[in-house]
Structures are given as structure tokens and as C-alpha cells.
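Take a look at the structure below.
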Amino acid sequence: MAVSRVLSLLATVASMALVIQETHFAAGADMGSCYDGVGRAQRCLPEFENAAFGRRAEASHTCGRPPEDFCPHVGAPGAGLQCQRCDDADPGRRHDASYLTDFHSPDDSTWWQSPSMAFGVQYPTSVNLTLSLGKAYEITYVRLKFHTSRPESFAIYKRTYASGPWEPYQYYSASCQKTYGRPEGHYLRPGEDERVAFCTSEFSDISPLNGGNVAFSTLEGRPSAYNFEESPVLQEWVTSTDILISLDRLNTFGDDIFKDPRVLQSYYYAVSDFSVGGRCKCNGHASECEPNAAGQLACRCQHNTTGVDCERCLPFFQDRPWARGTAEDANECLPCNCSGHSEECTFDRELYRSTGHGGHCQRCRDHTTGPHCERCEKNYYRWSPKTPCQPCDCHPAGSLSLQCDNSGVCPCKPTVTGWKCDRCLPGFHSLSEGGCRPCACNVAGSLGTCDPRSGNCPCKENVEGSLCDRCRPGTFNLQPHNPVGCSSCFCYGHSKVCSPAAGFQEHHIRSDFRHGAGGWQIRSMGVSKRPLQWSQSGLLLGLRGGEELSAPKKFLGDQRLSYGQPVILTLQVPPGGSPPPIQLRLEGAGLALSLRPSSLPSPQDTRQPRRVQLQFLLQETSEEAESPLPTFHFQRLLSNLTALSIWTSGQGPGHSGQVLLCEVQLTSAWPQRELAPPASWVETCLCPQGYTGQFCEFCALGYKREIPHGGPYANCIPCTCNQHGTCDPNTGICLCGHHTEGPSCERCMPGFYGNAFSGRADDCQPCPCPGQSACATIPESGDVVCTHCPPGQRGRRCESCEDGFFGDPLGLSGAPQPCRRCQCSGNVDLNAVGNCDPHSGHCLRCLYNTTGAHCEHCREGFYGSAVATRPVDKCAPCSCDLRGSVSEKTCNPVTGQCVCLPYVSGRDCSRCSPGFYDLQSGRGCQSCKCHPLGSLENKCHPKTGQCPCRPGVTGQACDRCQLGFFGFSIKGCRDCRCSPLGAASSQCHENSTCVCRPGFVGYKCDRCQDNFFLADGDTGCQECPTCYALVKEEAAKLKARLMLMEGWLQRSDCGSPWGPLDILQGEAPLGDVYQGHHLLQETRGTFLQQMVGLEDSVKATWEQLQVLRGHVHCAQAGAQKTCIQLAELEETLQSSEEEVLRAASALSFLASLQKGSSTPTNWSHLASEAQILARSHRDTATKIEATSERALLASNASYELLKLMEGRVASEAQQELEDRYQEVQAAQTALGIAVAEALPKAEKALATVKQVIGDAAPHLGLLVTPEAMNFQARGLSWKVKALEQKLEQKEPEVGQSVGALQVEAGRALEKMEPFMQLRNKTTAAFTRASSAVQAAKVTVIGAETLLADLEGMKLRSPLPKEQAALKKKAGSIRTRLLEDTKRKTKQAERMLGNAASLSSSTKKKSKEAELMSKDNAKLSRALLREGKQGYRHASRLASQTQATLRRASRLLLTSEAHKQELEEAKQVTSGLSTVERQIRESRISLEKDTKVLSELLVKLGSLGVHQAPAQTLNETQRALESLRLQLDSHGALHHKLRQLEEESARQELQIQSFEDDLAEIRADKHNLETILSSLPENCAS
């Protein structure tokens, strides 16, 4: 049943909508187009649509906020509930209002749901659903589809317009009266108000439980529904902008009364679809709606309508009232008819009623008016309706009415004329309300009638006034015949005010030629003069032309009174003729002018000659003038007329006959003499001040010509004599008095001063200057200043010397001294001021890097001749090398020699001294330390320090032999010449013997050992077969025999061992030197005596110094420097002592070599034994034939060879002795060099101590009285005295400190003595051990050599008996040799054992020394830190001292004591800067000692002003000296400093290179800019 009712209701709604649509549209009308096919307007409507689709609906209550459970009904009551959950935060469980108007699908339904009854949703609590349509719609139906059962009561409301009240549309309720107070089933009768909402219970049943529909038709039950277009009430009824669904009561089964939560959760509102059918309301004037510019939905209006709903006409379409479009009539808005003169109109209902056109035009243009702008405004007209309206423009004063006729002509008053009545009739002027007034112009000054508008008369050039009745300023004498009306005032240009002069009458200057030419002369072109042709009738004018008649003197001169008057020429012309062309020429005052006649007479046909007159007006306004002149210049020409001539150009071809000049008349004036017409053109001037005379031609009394002798045209100016005399009016020269002079008496005479312009007799007073010379007065103060002081003097009273001079000319500071020129050696700018002191003459602005009282010295940092004539020869910068100099800008001012660091030479300290190398910044150079024996000279490479070595010598100091060389001596080292095949190494022993490989023997390892032979291919020595063992045994026996023979030889008295020997050929070792021994012994003894003497001298000097130090009392005044010198000398002697010890060590090494060479070795004994053996062989030679002969021959050969060797060895010994002597001399030279090296150090240390003591003197006073800096310079001398007293008090403390320092130094030397002795002992032991080893090696080698020789003799002796004898002797010799070798070897072992013990002792002592050195290093670092702090403190004191000395120097320039203090302060700054640089360079390596530095800072911070500053300074000095010694050592710090200095030097060189490059670039840039500026403008681009 319910489904059938819903379907029937939907059918009813559909049929009703169809009826409405058919009612809205006529048959065949196109609903979507507003115009038909021919362009006629027709009703149009937007498409029918679901206005709710896609629009956002709002619900007052929605489930899921918070989440809740709901249990929908799925069957009959009592069936089980299947509960679900509504959660707005979960999209899958959300049921908000957006699901009301979305796309509705029965298969996948979405719905909006309210909270359940469990949350209080039940009557009287309502749930509202609101839908905003965005604009007015014409609603056809409203449809709701419920997801649950339909409510028991709900209502539909609507708004007719936005923000309007809610109006009920329909009520649905099973209790209409109870719930809404409305009867159920109400219906309307025709004529009743159809805007009534009905209430029905048709859709209030609980079934169906889901999917129930409710459809509401807006026109159902409305009687006028079928006449909708004629019913405004129903049109308003269906119009809605918003729809509201109010859900008021739920349908239940009645089980809710038990309040079961599960039951309550089953009752709620749920709507799955909310549809609103209708059209966008456009009143039949639009076919579509779209968003406007504001984003609001609006109709796209047609039919000249506008508005959101097309509810009104456009502004200019108001010709009929707006109406809704119907099927019969589209009711298009029509435009207003404004005749094209307006675009604005309004609807005028009264006009529409009377005329049928309601458009009333507004703001008509083009001067139109009327409802349709159809006529002209008042006082406008137009020729025809198509032409625009034009203003009448009738003159309000001249017209009778402002309205004109259709042609635009205005009605005029009398005396007024014109199209617009805007001008006066001729002879009238000044149009006004009363008409026009008649003109009254002056005839003499006007040129015609007056201006009809203003009434002003047209005046002549020099006339003014509305009636032209007065002359302009600067003119006078108004005359009718004057073309300009009035004549200009002349007055010689001094006045513009003049008037006619009284007492003058008219006068004529005339020539009538009755009695002759009257002084006239004629001149033709190219001819100076010619005779005149005169007759009683006149002068005959030439017919050829180019003739000029010159007037006599009476016409010339001052003719100013003829200005403006005519010159009349009377001519007699032939019958019927006319006068020829004639011009009047005027000359004067350097000007010239030609005039033509003002009028020419017309020719007359007469048969008699007739007279005619030609008139020339003497006025600049004459139109006939050629090259007219200004007024003033014209009158100036007349004032000095020098020529008046008549120039004829000849008669033309039409002229014939004679022309006679009958009369010439010039009108002028002169003073009144008789009755005659007055000459009103003569002026009298009103002269300004300073002028007088009728024409202002004279200067008044007290005035003069501005230009002397300038004449009347020159201006007059007051006499400028300043009341000290009078002046001539023409020259202006003053006759001065009162001691004044000048053209205007404007100045006092020389020797007088004052203000001559005051005009009093005592203006000028005598000058108070030397010799009453000239002076002047300062205007501001009135002081008198002398202006012509004697040469070299200046000042107000010449009391001081001129710039560049000095002296005291007036004796203001003592006896007068004349001013003398300052002598600045030509080193000042003569154009500058303040070059020297005006009192002392000391130069103040020295140029060219000079200084001194007379600029006679070079400034610090420069050197040269300050008095040289050329600037280029003057002082040049020191340019000291930063690496080798103490300061970059400190050098000898004359020679330029820089103050070099130790062992640095060169003018700029750029290279090391000979014997030194490695120039480093702040340190200087270090000694080459070239070995005196191994080097050629005590010079080395300046960078690497490599010494020039002797042959075979190597090492940086040339202190060792090269590999493969031996015998280090004065000649170098000799080549070992070891056999490359047999020697194990190319290096040999000091005795030249080589180390042999197995199987090789010999000094040079150049032969095979016994029982060995040289293998094939020279690959080495191989052992012989076993058969040669017998030979070896025999050789052993021979060696034993030789040993016996040696013992026998040593026991017997064989005489001198130096006799000739018969030995085998071989090379003697180095130690086998046996001749010249006594010479070497004597030389060595002498040298040792000299060294002992030198040592005694040093000790004696030291004792004398100790005694001298004991006698000198350092506490006495002035002895401080002496003590410092002694301390420095002590250090120098200590350094010298060290050098002597090093030299003694070297000499001991030489002595050991000499000892080894002075005593005969075992080889000598062997040689003696070989000689005895040879003699024995010679005695038995007769018994052994062949063998003896061969042995004898071998012995003799050996003897001869020995003799040769004897001579060579002797010569070598002598040469080596000389070499040793040279070595001694070289050692002595090296000792001298060492002393020379130590001397600069001592001098530098002495200078440093002096400087520190000198620096401390001014600082001690500041340390005790730090507040002294606050006093003025007046008490500086007292402070100096106080400082001297303090210095005297502190000097004993300084002396004690120095003594303590000396004691410490002595103790340090005493501590070093055991180490020195230990070193000497170690060196001696090492030398003895080395000598012993070498001697043993030589002995063994000698024995082996002798054995080899004897075995060779055996090979050459084949007889068995001889071999046996030789073998026996050789065996004895060998035995003796072996015993001796063992003995020498044991002795060497004992010596080496002692050396080992000494070496261990030395090592132990060395460790102790190392520990002590570390302690000393720590102490040195601590002292260094104290020195740094002291240096900083001293720096502050130095800066304070400098400031004080600078103030004192400025205030007391003449104080020599203060100047000396200033120089000392500068020396302090220089010394401290050096120390600062040294400390800064050492800072990196001393960073680990910060702890001790902190302790020292605390100590110094607690130091008060009453503590002994001298002790602190002495400690600082010791620390600095310790630092210097540490830097001089060759440790890691020295290495690092050297690396840093080298890197700094490289960087400085690179920076200097960059600066040089930059300077070159700047110079090139400057040159290019100069070239560019010198180029022409066209080339520069």
C-alpha cells in the first residue's frame, strides 16, 4: 500500500510539472533561445535541473561526533538487532551531510544520519537540514528519500530571498493539529490566499522501515496553477533561495518508553537523498545561469535586462516598464529616445501614460533639452534640426536681448553694430550698458580714430596717453608734422627728462647763390674738385651723375638745434621735366648718413622752367634715410656735423635740359633776438645730480668726468678726494693735503698711516716703523703694521725676521741681532714657509732625507752627503738587508754602512763575511768551521757552507778523507790505489795498506798469498796443489831463521841504524819516515813552547782582569759602564779560551802523527837485519857459485833500490815536515780567526749592556714615580735631577748584580773544567789507541812483505844448502817478528782497554753533562720568559718615556738636556725593537714553557714600586744573554729558527718581487694614461 501511494504521488508531481511547463511555454516555442530566427525577442528559461545536486547541505546534528553505535531495524518488531558504529573520523563509518546531495545510487546507497534517540534526538528536539541554492530558483518539487523509516512529523520551509524569513512550505505529521497547529487535509478555494502551507499525515507511517520517499509539489492544490504567468502570488510562492527540512518527531514501535539503550539506538533520522527540482529564476529573460565576477550565481540576462534574476531593465532601456517574459510577449526592455544627445534616462510613468514612451532623458548634451533632448537650450540656436545647437553669444551690453534668431543675429542697441552686437560704430568706443561713447583723440599725437573697444587712440611712436595728448618719457615737443609726434631728448645721454626751452626762436641758414657759389664746392667721381658752373639763377647740376656738392662751414659745426627740422633744396627744372635723383649726405662724430627727399613734386606739362622744392627731414624717423641711426647717435652726428653734401646720380634717359640749384635752406634756432616764431624744438634738460647746463653738458661742482677729458658725453662722477682736497672737473685729478696722496687722496703718504677715507685733517699719522718706513693699519683691530721692513725682517713692527731668516732685530729677547739668512745646505723648499726657526736658525723642514740644525746630516735610515749640490747626490735610503742588519733603516750617515749582525759584511749587510755562511734574519751568519788541514782556505759557500776541500778530502768542513783515500794532511788525502781485484774495499788504512780478500796479500792486495796463484781470467787467487805444501814448510823455516837473525841483529852493536841497506824492492808505509826527524822535533818543540806561552798569556790576562775587577768599585758613580765592559771582556776571554782548547786538541792530533813518524819502526830494524844478512851472503859467495852470484845480484839490486827509495823517502819526509809546519801556521791563523769571531760578539754584548743600562736610567724614575707623566714640562728639570739621584742609588745594586753575574759565570766555568779535562783525556787516549793499532797493522804487513820477498829469493836459489841456510835465517827472523807483533798487539790491547774504560767514564760524564745541560736549558727558558715580561714592562716604560720626552721637547726646544733624553729614548726604542724581534722569532719553540711564564707573571705582578728595579733589569739581561747563547747553539731550536728564517727570507723575496712587479705595472699604467691623455680626441677612442 505505501509503495503504491508513493508511486501515485510521484506520478502526480510529474503531471503537475508537465502542466506547469506547458503553461510556461507556448506551443512550438524554443525554451533555450531568447530570440527567434528573425531576431525577435521571445521568452527563454534556463534548463530544469536538480538544484540540490552537488551543493553542500548543513545538518544541525550528525552522528559520529562522538562515535556511537546504532542498530537499524531489519524486520518486524522483536527481531534481533544488528548494531553498527557511526564514527565521523572514519571515512568508512562517516554519515555527514555531504551524502544528502551526492550522486544517489540504489545499489550503493550513502546517507546522512543523526544521533540516535539514546542521545536525546526526539521531540521537542528537532534536527534541521539546510540547503542554500546560491540564488533564487523557481521550485517545482522537493523530494526526500529516507534510509530508515520516515519521521512521524517533519516540515519543509523556504526563503524567498537571501537572509529573508523562513516560510513554511509543507507539514507532514500524524498529529497535525497537536504538533503544528494546522488542520489536516485543508484545501483552497479560488480567491483565497494561495501562499498557505498544508499539513498531511500521508507519509507519517512507520513503514516502510527503509527507503521511504516523500515528494512535495509546490503548485499542487493551488487554484491558479494553470494560470501561473498571470499570478504574481504563485510566482513568489515557488521562488526560493534556501530550503530547510525540520525533522521534529521519530516514528517508533512504542518500545522506547522502556529506555532500553539498545532500543533507543535503533531510532534515528537517516536521509539518503535530498532533491530539489526547479529552474534558475530569470523571469523569462535568460536561458542560463553562471557565476558572475564576484563568484555569485547569476542569470546571463538578455532582452536589455540586468540583475541577478534579470529583474530590471538596463539603465538606458527605460522606454516602458519592466515585465516578466511570457509566452505571448517577451516584454523586452526598449531603449530611450534621446535624439543621440544622452545615454541616460529614467522611466517617467506620467510621460508613459501621456505619450506611450516613458523614457525621460537625463543630462542632455550639446546644449539640448526636453524629455527626448529634442530642442536647444535657452540662448542657443541651430539652423536645422540636424545641426548642433550653437550659442547666440549676444553681447550682454550691446544687444537688446540675449536670444538670437534662427540665423544667430542678435538685436543691437544704437551706436552698436556687429552680428553679435559686440563692437562700436566707427567714431565710437567703449561698449557698455549705455552703448558706445564718441572718440576724442589728439590730432597732433594720434594716427587715426580710437580703438572701438578700449577707446585708446593709436598714438605716434613717441606719444602716449589714451588720447595721444602727451609725449613719452624721454621725448618732448608734440607736433603734428613730426612723424613720431615728439622729439627725443638728447641731453648728451645724461637725462631722459626734457621740455621745450624758452628764449629760442626760429632761424634759417640759407644759400641763395645770388652773388656766387657761396662757398659751395663740387667734386666729381674720380676727380678731387672741379669748377662750379654758376649763374645768377643758381648752380648748374651735372648731367653725368656721380657729383657731390659740399656745403660751406655755416652749414656745419654744432647743428643740434636743427634736429627734426627740414633741409629744403630749391631747384629749377626744364619745362616738363622733374628733378634728378638727389641725396643729402651727412657726416660727423665718426658717423655718416644719407637722406632721400621726403616728397617728390609731380612733373607738370609747362613750357617754362619751373622751380621745385625737395625737403629732407633731419630726423632718425625719416623713412627716406639710408642706414638709419638711433636717436641719440643722430643728434650726436648733428652736434658735430663735419660735412653736408648734395649727391646727384645724374639725369635719367627721360631727363633733358639744365637743372639749377637755386637755394639751400637749413632750419635751425638761436636765442631770442627779435620777433620771430619760437623754436619749440629746442630742449632744456632736467639734469640729474652731478650734471648742469641746458643740455647737461657740464659736470656740477664736486663732480668730474668718469673718463678724463671725455667731453660732454662722458659721465660725471663725484670727486673722490675724501675731503682732503678738490678735483678738476675734466681731469678728475685731486689736489691732496693732510699727508694724503693718490688720484682720490685715498691713501696716506709713505711714512704715514691711517684711514684717509674718514675725511678729517688728522686721518694720516706718522708710521712707528724703523726709519719711518711705510706702514698700514689692520681693519679688524686697528693695529699698525709696517709694510716695508728692511730686508730679512718682518712683523707688525719689523720685530721678527723674515721667513728663511733668523735673529732678533729689535732685541726683544736680549741683545739686538740682525736678521741673517738660514743656512739649510740647500735642502729646503725655498717656496715653502717655516723652513727654519726664526730665533735659532735651525732648519725645520729639511728635504732630501736630511736632518740637523742646518740640514747637514742625513736622516736616520739614509746616508750620503747632505750638502751635495744636486738632489740626486744627496741622502739615499740605507736599504739595509733585513736578514743581515740590526735595523732596516739604521746605517752610517756618511758611508751608508748598515749595522750588521755578527759575521755579516757588505754596505747593506747582504752577505756573510769570509769564513761564514747561512745569512739568517736576526742571527747573522755562522762560521764555516773549515778544517785548517783539509780545506784550501777558511771560506765556504755562502748558502750551503761547503768548504773548498783539498784533493781527496770531503765533508762540509773538509774534515775527512774521501772513500778510497788516506793520509789526512795539509796536502789533503792520497789515493789508496787498492787493487780492484784483490782488495775487499777501495778504502785503505791510514798507513795506505788495503784490506785484502782471501788469497791476496800485499800493501795494495795486488798479489796472491803464499801457496796461492792467480786463476785464469784474473778472477782471484786459488790455493796451490798439495805438492806446494813442502815449499810452504821451507818458507816457514826461513821465517824462523829470519826471526833468529833479527834477535841476533838487535843484540849486536851494528852501529847507526840509518846506514845504507840492501833491501828488496817495495813501497814503504806511511810511518816509515826516518830522515829529517831532528828538524820536526825542533819545530814541534818550538810550536809547543809558543802555545804554552799563549796559554800563560791568557792566564796572566785573566788574573789581571780579576785583580782589576777587585780594584774597581762598581758602586761608585760613573763606574757602571766600566763593570759592564769587564763583564763583556770576561765573556770574550772565555770564548777565546774555548778556541784555544779546540786548537790544542787539533795540535795534539798533529803531535801524535809526528810521534808516530819520528821513531824508527820495526820495518827499519828489519831492513838493518836484511843488510847484515846480505853481507853474510856476500862472504859465503865464493863457496856457492851460481846461487851466491844470483843472491849477490839480488842483494845488490835490492841495495840500489833501497838507495833510490832512501832519497825519495827523505824528500817526502822533508816535504811532510814543511806541510806540518804549514798546518801549524794554519792552526794559528784559525785561532786568530776564532778570536776575531769572538771579538764582535763581545763588542755587541758590551754595546747591548750599555744600551740596556742607558735605557734603564730614564725608566727607573718612571717606575718609582709613575705619576710624573701628569706634571707639566716646567718641572721636567726637577724630575731629571730626581732621576739622576735615583740612578746613583740604583747603581750599587746594579754593580752587585753584575758581580753576582760574574761569580755565576766563574762557577759555570769551574763546572766546565772537569768536562774539558775529561774531553782532553778521552781525545788523547783515542789518539794513542789509534796509533797503536796502526803501528801493529804496519808491523804485521811489514813482516808479511819481508816473508814474501825471502820466499821469492828462495825460488831464485835452487841449491839445497843455500835454501837451508836461508830458511834457517828466515825462520829466526820470522819468529822474532811474530813475538814482536804479539808484544805490540798486547800493548795495543792494554791501551784500548784503558781507552774503553775512559770511554765509559766519558759516557757517564756525558750523561751527567746532558742532565746539567737540560737543567740549564730549563733555567734559560725561565729566564727567557722573565726577559719577555721584563721586555714588555720595559716597552711600556719606553712608550711612557717617549711621550714625556716629546712633550718636553715641544715646550723646551732650547734645552740640550731634554734633547739628549729624547735621543736616548730613540736608542731605547731601537734596542727594544731588536730584542722584540728576536723574542718573537723564538716564540714558537718556547710555547711549552707557559707554566713557568705564568709564575713569572704573578711574580712581576706583585712587584711594587719600592722593589729594586735594577735587579729585575739585570735578571732580564741575564735571561736575554742566556737566550742568545741558546740561539747560537746548533740544536733543534736553532735548526727550526734557521728554517723559519729561510722561509721568511723566501717569502720576503717573493713579496718584494710582487711589489716590484706591481710597481712596474703601476708605472706602465701611468705611462699609458699619459700617452692616452696626450693623444688627440679623435685618436683616443
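Positions of Cβ are set from backbone N, Cα and C atoms, glycine also.
Owing to the predicted nature of the structure, the values given are computational and were not obtained by experimental measurement.
The range from 416-439, 488-511, 968-991, 1208-1231 that Swiss-Prot describes as coiled coil is residues 1208-1231. The cysteine that Swiss-Prot pairs with CYS900 in a disulfide, picked from CYS891, CYS909, is CYS909. Here CYS404 is paired by Swiss-Prot through a disulfide bond, and of CYS389, CYS392 its partner is CYS392.
In Swiss-Prot, CYS459 is paired through a disulphide bond with CYS468, chosen from CYS468, CYS471.
Counting residue by residue with DSSP, the domain 'Laminin EGF-like 1' (280-335) contains 0 helix, 17 strand, 39 coil. Each of the glycosylation sites ASN640, ASN991 was assessed for Cβ neighbours inside 10 Å, and the highest tally belongs to ASN991.
Reported as a whole number, the C-alpha separation between ASN640 (N-linked glycosylation site) and ASN128 (N-linked glycosylation site) equals 124 Å. Checking each of the glycosylation sites ASN128, ASN304, ASN849, ASN991 against ASN337 (N-linked glycosylation site) by C-alpha distance, the shortest gap belongs to ASN304. Considering only the glycosylation sites ASN128, ASN849, ASN991, ASN304 (N-linked glycosylation site) has ASN128 as its nearest partner by CA-CA distance. Residue counts for the domain 'Laminin EGF-like 2' (336-391) under DSSP (helix as H, G, I; strand as E, B; rest coil) come to 7 helix, 16 strand, 33 coil. As a whole-number mean, the pLDDT of the coiled coil (1029-1046) in this prediction is 75. Rounded to a whole number, the C-alpha distance linking ASN128 (N-linked glycosylation site) with ASN849 (N-linked glycosylation site) is 108 angstrom. Proximity of ASN849 (N-linked glycosylation site) to non-local residues of its own chain (separation of 6 or more, Cβ distance below 8 Å) is seen for CYS858, ARG859, GLY861, PHE862, LYS874, CYS875, ALA876, PRO877, given in sequence order. Within 10 Å of the C-beta of ASN337 (N-linked glycosylation site) we count 16 further C-beta atoms, all protein chains included. Highest local Cβ density among the glycosylation sites ASN128, ASN304 belongs to ASN304, counted as other Cβ atoms within 10 Å over all protein chains shown.
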